[in-house]
Amino acid sequence: MDGNGSELMDGEDKCSALGLILPLTDESGWNHGFRAFIYLLGLLWSFMGVAIIADIFMCAIEVITSMTKKLKIVNNAGEVEEVEIRVWNDTVANLTLMALGSSAPEILLSVIEIAGNGFQSGPLGPSTIVGSAAFNLLIITAVCIMGIPEGETRRIKRIKVFAVTTSFSLFAYIWLYIALQVSSPNEVELWEAVLTFICFPLLVVGAYIIDKEFCGKKEHEQDMELGLEHTNAGRYQASWSPLGAPGASYLTAGHIDKEAVGEFMKEIGKHPDLDETTIAKLLALESQQHEHHSRGWYRINASRSMAGRQKVSPYVDPHVMELYRKIKAKEVTTYNPTSDLSNGGTRSVVEFSAASVAVFENEKKVNIVVKRYGLLSTQHMVKFETFDGTAEAGQDYIPKKGQLIFEPGETTKNVEIEIIDDYEWEPDETFFVKLNVDTKGSAIVGKHSIIEVTIINDDEPGTLEFTKTSFIVKESIGSAVLPVIRNTGSDGRIEVSWKTKDIEAVNGTDYTGGEGTLTFEHGEREKFIEIPIIDDQEYEKDESFEVELFEPTAGSQLGRLKKTVVTIINDDDYTSMLDRVVKITHVNLDRLRIGNASYADQFRDAMNVNGGDVESATLFDYVMHFMTFGFKVIFACVPPPHFLNSRGYITFVVALCFIAVLTAIIGDLATIFGCLIGLLAPVTAITFVALGTSLPDTFASKTAAVNEATADNSIGNVTGSNSVNVFLGLGLPWLIAAIYWGAKDDTFAVPAGGLAFSVATYTICAIMCVILLMIRRYVGFFGKSELGGPKIGRYISAAFLITLWMLYIILSSLYEYTIIQL
C-alpha cells in the first residue's frame, strides 16, 4: 500500500481508538467516505432515539411534579373544605427535574466522558454544554420571537424569577471562565468543583425565595401558589384557567360535566352539522387549552410529533378547526335571537347589516353598512378594525382601523375598505371587520359584531340556498337560526321568499312559522331566517317542519338546497346526547393524559403509527414511525409511570439508564464522525451534537410561545436550564474527578484553550441577548414585550440573535483551528 493509503489507514485506526463503545468491529478496511456517511446517519438516528427516551423520561417527571396532596381549608362561607393542592412548586420543578429532563443528554454526556476517560477531562461534554447554551438562548429565543402570530405579544410574567435565573446563568459562564483561565489555569481544584456544584442548590433556593415573595403578597396570589383558585361562589377549586379566556366560566382544567358540555354546545348551536365525536374532540381541545401546561408537556408533544408517536393534544380536522374559530370569533358578543338587545329602546345597538359581504377585486373598494337601532337620541362612537382571514393585509386589501360617530337620529354609517387588484387570478379570499364599543357606555354591539368580507372575481346576482339539508335544534333553544347563503356572485340587490310547512311539528304549537322575505343588498353573502321554537315543557318525540325558499328576484336563482328540514329534539334526547359527548370527551382526555398508559398501551402505541390514531396520521408521521420503530419497541420496555404504584420514580430511574447508554453511543458517534471528516471534537460538539440535542426544545418552546399567554414557559426557562447545565452538567463530573485526583495527591487537569475562549464568546453574546430582551420589554417599537410585536421589530431582533449565534460558532471554530489567537 502506498504512503497515502498507509496514512489513511493510520488516520482511521486513530479514529477507531477514540470511542468508548464503538466501533463494535474492525472498520479499518471500510471506504473512508462511506464510513463517515454511516456514522452521520447513526448520529442523526441516535438523536431521534434520545428524543424518544427523553420523552418517556419527561413523562415520569411530569407525573412526579404533578403530584398533589389533600388539604383542609376554610372557605368564604366559613365551611371546612378538603381540596387537592400541588406538592411541587413550579419554579423548583422547572429548575430541577424539568431542567434535568430537557438537558439529560448533555449532562450525562459530560459525566460519561470523564468517567470513561480515566477521569480525564474530554473535549466533547463541556463544549456540548456551552454550544447547547448558545443555541438555546440565541436560536430558540429568535424562533419564539418570530413564532408569535402577527399583532400578538408575549411578556415574561415572573420577571423576578427570570432576573434570578438570568443572573445565575451569566454568573455560571463567567465563573467557568474564571475557574479555567484565571483562578487555576488549565486545572480545576476541589474547591472550584465544589463551588460550581453548590451553585445548583443555591440557584434553586434563590429562585424559590423570589418566587414565594412575588406570589405571596396577597391572599389570592397565595391561593394560586397552592394551585387554588376562587370561584364565583367564593369557594376554592384545584384548577387553573387563563384570565379572560373564552369559556373560562364553565370549563376548568380537565373537568368535563354535562353543564360544561351544555354551555359549550350553546356556543356552537348555530352549527349543528358538527357530530358528537367532533364536538367531543373540540371540547377536549378547549379543556386542554384551559389547563396550565409545564415546559415538560410542550417538550413531550414536540418529541412525539417528531417521532410519529401519539400526540398529547387531540387532532381536529383543519376545516373543522377553521369553522370553530369562526364560531368563536362571531360569538365574542353572545346574544339571544328572540330578545330585545336594545332593552326596550334604553340603549343603542350597533351592528353590521349582514353577516358577510362580497366584493369584486376590480371594484377597488367595498362599502360595509353599519346600522344602529334602539336608543337614537344620543351620540355614540363605535370602533372598527380589520383582521386577516385567507386574504392578507397589504397584499389583498388595505388594513383599516378607525371609529364611526353616530349623531343623534343617525341610523347607518358606512365603512369603506380599499381592495388591492393585483391582476392575477386567485381563488376567493376573505378577511374580517370587527366592531367594538365602550362597555361602560349606553351602546352595545349586536349579533353581527364581525363581518366576513369575500373578495371574488365575478359579477353574477348569485345562487341562493340553505347551507345544509337539515338542522337539529333542542326544544328550549329559543329560535332556530337558518343561514341562507348567496353563492357564485353577489351583484345587485335581490330578494327571496321563504315559507314553512308542517311535517310532525305544528305551526303555532311547536314553532311559530309562516312566510317571509330575505333581502340581500349588493355584495351581501349571508342572511338568516329566524323561526321561534315553542318550548311546551312536555316530553315529545322528535318533530320536524320544512322551510322552503321560492321566488328569487333580479335574475338570481335557487340552488340545490332550496329546502331544509328542521328537527326539534326533546330535551331528554338532548340530555342523552350530552351524556354521550361527556363520555367520549372523557375517553379522549384519558387517552391524552401523560403517564396514564399501561405496559400493553405502551407496546400498542409503539407498534402503531401515531399511537394508533391513523385517522390523523400524516405522511411525516408514517416516515418517522418507520425510522424510529426499533427505538419505540425497545423503549416500550421501560415501566410505565404508574407501574407498581411508583408514581413515576421507577420510570425515572430506568429511563435515565437508557439515556445514559444512548448518550455514550452518541458521544462515540460524534467523536469518530468528527475525526473521519477532519472536524475537531469541540467544533463537532458546538454544532452537530448541540443542535441534535436541542431540536426538541426548539419545537417545544415555539409551541409554548404560541399557546401560552406569557413567555415564561418558552424563553423564561432557557436561562435556568443553561445554569443547570453548568452547575450540574460540569459541576458533578468535575467534583467526581477532583475528588478522584485529590485522593491521589494530584490535580484534575482541564485544558482551558478553546473551551475558555468559547465560554468568553458565549458570555458576551448572552449579555447582548439579555440586553435586547430588556429593550424589547420596555420599548414600544418592539411592542413592549419579549416575544412578538410589530413585524419590523421582530425581524430585527431575530436577525440580531441569529447573527450572534453564527459569530459564536465561527469565532469558536476559528480559535480551535488556531486561525485566530489571543
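The backbone N, Cα and C atoms fix where each Cβ goes, and this holds for glycine too.
TrEMBL entries are annotated by machine, without manual review.
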Seminar exercise, completed: For TrEMBL, the entry transmembrane segment belongs, out of 95-116, 579-600, to 95-116
Problem set entry | Leading contact stretch, 128-149, 190-210, 648-665, 755-775, 795-815 vs the transmembrane segment (671-692) - CB distance under 8 Å | 128-149
Exercise. Top stretch among 95-116, 190-210, 795-815 for CB pairs under 8 A with the transmembrane segment (724-743)?
Worked result: 190-210
For this session: Summarise the model confidence on the domain 'Calx-beta' (336-436) as a single mean pLDDT, whole number.
Result: 81
Exercise. With the transmembrane segment (36-61) as the reference, which stretch in 128-149, 648-665, 755-775, 795-815 has the largest tally of C-beta pairs below 8 Å?
Worked result: 648-665
Problem set entry | Interface present between the transmembrane segment (128-149) and the transmembrane segment (755-775) (three or more C-beta pairs under 8 A) | yes
Seminar exercise, completed: Per DSSP, the domain 'Calx-beta' (336-436) contains 3 helix, 53 strand, 45 coil
Exercise. Are the transmembrane segment (795-815) and the transmembrane segment (128-149) near each other by the rule of at least 3 C-beta pairs under 8 angstroms (pairs 6 or more apart)?
Worked result: yes
